[in-house]
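Trainee: Before anything else, here's the structure in question.
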Amino acid sequence: MPDHLTITNATIACMDASEDGYGLIRDAALRVQGERIDWVGPMADLGDTSAEAQVIDVGGRLVTPGLIDCHTHIVHGGNRAREFEMRLEGASYEEVARAGGGIVSTVTATRGADEDLLLAQALSRADALIAEGVTTIEIKSGYGLDIETELKMLRVARAVGEARPVRVVTSFLGAHAVPKGADADAYIDEVCLPALEAAHAEGLVDAVDAFCEGIAFDTAQIARVFDQAVALGLPVKLHAEQLSNIGGTRLAARYGALSADHVEYADEADARALAEAGSVAVLLPGAFYTLHETQKPPVAAFRAHGVPMAVATDWNPGSSPMGSVLLAMNMACTLFGLTPAEALAGTTHHAAQALGLYDRGEIAPGMRADLAIWDVEEPAELSYRIGVNPLYKRIFGGRA
Ligand code: NIG
Ligand code: FE
């Protein structure tokens, strides 16, 4: 396998925060050495490539950074199609959860599945994302709610990254739901905190997440989980302000969170807090769509305060059974009013930031050569079509 790769005759969206939102260079080329981008610029400056081992002429196609899905729950057992039917018959997400469905029903299925089955199912979901040019996937635990199953989920998440050419980033989400019959505070002390410690000791945790909501945990309970994350040196992120505003976003900001996710019910003060903390707002339009929500995230306030916005699938069996980052981008534009440039920044540059990864999500010398090459002329086409996958080629760490 040659160590060098040159891509010629491309339109390149560098996603380097330049004024057009794309950092677009037409008639462009880029050089890769090993796993990293070495050079990017106009074809006119490329020089002679006749002696180069691997030159890919992409015939004017679009090159972007490999896409990053920065919020998923793709390791889980079972499915919740019956709940989909219940909600269509009129039950709300909260009513389904209180009736013993929702997250805790996926917990039962996940506890009952062995690692091989969980891995096989997670790989088929990862493959769907990879087929759309995704090169980095965040995967959460949170359907175990006991020590053994939380660790099992995280081991499976790590195994996805070993079985496929994709970088997996794990988030420990022990504080996702209160198990049936348990007391929330006792659950945090007796299960969640010991599970976090054990998972961290096994090297299974890259970040710590939680669900701050009336049907899950309050800010005081989550603060205890975050305190332990801080003690272990792990960054935090939070499912915040999805169904109501109970102060999750400000809590996340106080802990310098990588991101606050969902944030439909966040307000102006929350946007200011995220900006001051340097946290990313992760928008999850698949959950908004699936749950027939009407409260939209405060995109204008995020823009006004300079809060970076990421976009992700939130792929999970309940609120967002959606296996397409391109569809998430389309929905972020159509439902939340993002521009296509913001949507693409949301699945590249800002998604990388939401994961605390600063070596990807942008095309520039020194960045990882994780690239997606698309059969489109204009970058807005990636958000514009629905149910169409124009991926031409995907490159992971310099390997086509
Ligand atoms: O991100 N909000 C909490 N967690 C998931 C839902 C998980 C589920 O319903 O299974 C979410 O939407
Ligand atoms: Fe989620």
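Each Cβ is built from the backbone N, Cα and C atoms, and glycine gets one as well.
Automated prediction, rather than curation, is the source of TrEMBL annotations.
Annotations for this protein, taken from TrEMBL, read as follows:
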BINDING   HIS71, HIS73, HIS239, ASP314  Zn(2+) binding site
BINDING   HIS71, HIS73, HIS239, ASP314  Fe(3+) binding site
BINDING   ARG80, TYR143, HIS176, GLN242, SER319  4-imidazolone-5-propanoate binding site
BINDING   TYR143, ASN316, GLY318  N-formimidoyl-L-glutamate binding site
DOMAIN    62-378  domain 'Amidohydrolase-related'
Trainee: Of HIS71, HIS73, ARG80, the binding-site residues given in the record, which has the fewest other CB atoms within 10 A of its CB?
Mentor: ARG80
Trainee: Please name the residue among the binding-site residues HIS176, HIS239 whose C-beta has the most neighbouring C-beta atoms within 10 angstroms.
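Mentor: Compared across HIS176, HIS239, the most Cβ atoms within 10 Å surround HIS239.
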Trainee: Out of HIS73, ARG80, HIS176, GLN242, which of these binding-site residues is nearest ASN316 (N-formimidoyl-L-glutamate binding site) by C-alpha distance?
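Mentor: The answer is HIS73.
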Trainee: Through the lens of DSSP with three states only, how would you label TYR143 (4-imidazolone-5-propanoate binding site)?
Mentor: coil
Trainee: What's the CA to CA span in angstrom from ASP314 (Zn(2+) binding site) over to ARG80 (4-imidazolone-5-propanoate binding site)?
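Mentor: Roughly 15 Å, rounded to the nearest whole number.
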Trainee: Measuring C-alpha to C-alpha, could you say which of the binding-site residues ARG80, TYR143, HIS176, GLN242 are within 10 Å of HIS73 (Zn(2+) binding site)?
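Mentor: Qualifying among ARG80, TYR143, HIS176, GLN242: TYR143.
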Trainee: Among ARG80, TYR143, GLY318, SER319, the binding-site residues in the record, which have a C-beta under 6 A from ligand 2?
Mentor: none
Trainee: By a 10 A CB contact count over all chains shown, which of the binding-site residues listed here is most packed: GLN242, ASN316, SER319?
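Mentor: That would be GLN242, with the most Cβ atoms nearby.
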Trainee: When you rank HIS71, HIS239, GLY318 by Cα distance to TYR143 (4-imidazolone-5-propanoate binding site), which of the binding-site residues ends up on top as the closest?
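Mentor: So, spelling it out, the nearest of the binding-site residues is GLY318.
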Trainee: For GLN242 (4-imidazolone-5-propanoate binding site) and HIS71 (Zn(2+) binding site), determine the Cα separation and express it in whole Å.
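Mentor: That separation, Cα to Cα, works out to 14 Å.
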Trainee: Quick check: with TYR143, ASN316, GLY318 left out, which same-chain residues have Cβ atoms within 8 Å of the centroid of the N-formimidoyl-L-glutamate site Cβ atoms?
Mentor: HIS73, HIS76, ARG80, ILE103, THR106, GLY142, PRO317, SER319
Trainee: Out of ARG80, HIS239, ASP314, ASN316, GLY318, SER319, which binding-site residues lie by ligand 1, with a C-beta less than 6 Å from some atom of it?
Mentor: HIS239, ASP314, ASN316, GLY318, SER319
Trainee: Roughly how many Å lie between the Cα atoms of HIS239 (Zn(2+) binding site) and SER319 (4-imidazolone-5-propanoate binding site), rounded to a whole value?
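Mentor: That separation, Cα to Cα, works out to 13 Å.
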